[in-house]
Structure formats: C-alpha cells, structure tokens
Amino acid sequence: MIYLRKANERGHANHGWLDSWHTFSFANYYDPNFMGFSALRVINDDVIEAGQGFGTHPHKDMEILTYVLEGTVEHQDSMGNKEQVPAGEFQIMSAGTGIRHSEYNPSSTERLHLYQIWIMPEENGITPRYEQRRFDAVQGKQLVLSPDARDGSLKVHQDMELYRWALLKDEQSVHQIAAERRVWIQVVKGNVTINGVKASISDGLAIWDEQAISIHADSDSEVLLFDLPPV
C-alpha cells in the first residue's frame, strides 16, 4: 500500500518569522489520522527568516534530526555545544534524560530552510548526545542514520535507517523492503514516480505491505527514505 501525503494537505502555521508545514500533528495542528508513522513522530518543513529562530527550550526522550536545505543554522545546547550547520549537513541530537537547546538563523539577510524530524527512541532515559555530519555523495543512495552508525552514518537509537537518495532525470532504481517493515519517503526536490504513484517536492509517501520500491526520477530529484520498524 502507498498513501500519498500531498504537500498542500499538511498542517500549516505562519508566524511571520517562521513558516512551518507539519506532516504530522504538531503544536496547534492536530489530525488524529496523522499522529506519526511507525517511529516517525514529526516532519516539519521550516523556513526561518534572517536573524530569527527557536529560543532555548527543553526536550526529553526523542531523537531530533535536522537537515539543512538552504542557509545555515546556529545550534547551542546545554551540553556545551555551539555549532554552525550549513546547507547539506545533518545534525542529530538524542534528548534522552533531558536537554535544552536553541536553533537560530545567524544570517542578517538570508533565510534558513530546513527539515526538523523527530524519531521516537527504542528506549527512554538514554544519555543526551549531539552529532553533525556532511555526506558528500552527490548521486545515489547514501546511508545517513543507522542504529550501529555503520558506513560513516550517524547513530540513531531506533531500529531504523535513513537514506538520502539523489537521482538524475530519467534514472530508475529499486529499494528492497524487508518483511513487515514500513517506509516513509519525503521528496526534498524534484518529481518522482514510486511504484506508479507520482510525487513532487515536499510530498510524502507512507508505504507498507510492499516488497520493494521502484523509483523513477521524472526530473533531477532528491528524496529521504526512512526504513522503519513494524508497528
């Protein structure tokens, strides 16, 4: 089964300094049909105006991933980290027993565009941590998150994998799905056809009870592929 979550059907909140689209229920957006998918709890597509950002606030027992698409985010947290995360890089934070952090757009002229993704951990009460990394493969399917941090990927405390998959126009490829696993695909750019279903930038696809995904790039495209545990 494939369910297409169209970009314009997501929850939307424009706060002036922040324009945010919510794939799943978040803050004042609530839809009981979209509370998450497997271990995925939040996919927020955020545009933050120059000099603006999220002030210091707490989190607990959540894996929080940021993928910067445009601009740079300045991260500070209660573990003493102060880092700049430029476009193309991923950062992950295990909130675990508790953490406080802020995320700002340090530019005085340029906007910041990012995905903020929350993943429920396999267990609560883990030690907080922070990592960031650039993945340099321009094309193909590259492992970004895994439970064992293999092949240079970032560690995630969950039985899941995240791939960044970049394809040139008319390229076609296949991803096998293990029994009972679930897959979420988020289209970062371009237009793709997945098992016959057409999707475009900012669309999402929930996939279950499928043995494989066949993806065709209708234009130069990039997707995030989440290989998730059974429900």
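Even glycines carry a Cβ here, placed using N, Cα and C.
Long-range C-beta contacts of His59 (divalent metal cation binding site), restricted to its own chain and to partners at least six residues apart, with a cutoff below 8 Å, comprise Met93, Ala95, Gly98, Ile99, Arg100, His101. His59 (divalent metal cation binding site) falls within a strand segment according to DSSP. Annotated divalent metal cation binding site per Swiss-Prot: His57, His59, His101, Glu103, in sequence order.
Taking the mean position of the Cβ atoms of His57, His59, His101, Glu103 as the divalent metal cation site, the remaining same-chain residues with a Cβ inside 8 Å of that point are Phe54, Thr56, Pro58, Ile64, Asp77, Met93, Ile99, Arg100, Ser102. The binding-site residues under consideration are His57, His101. Their Cβ neighbour counts within 10 Å are lowest for His57.
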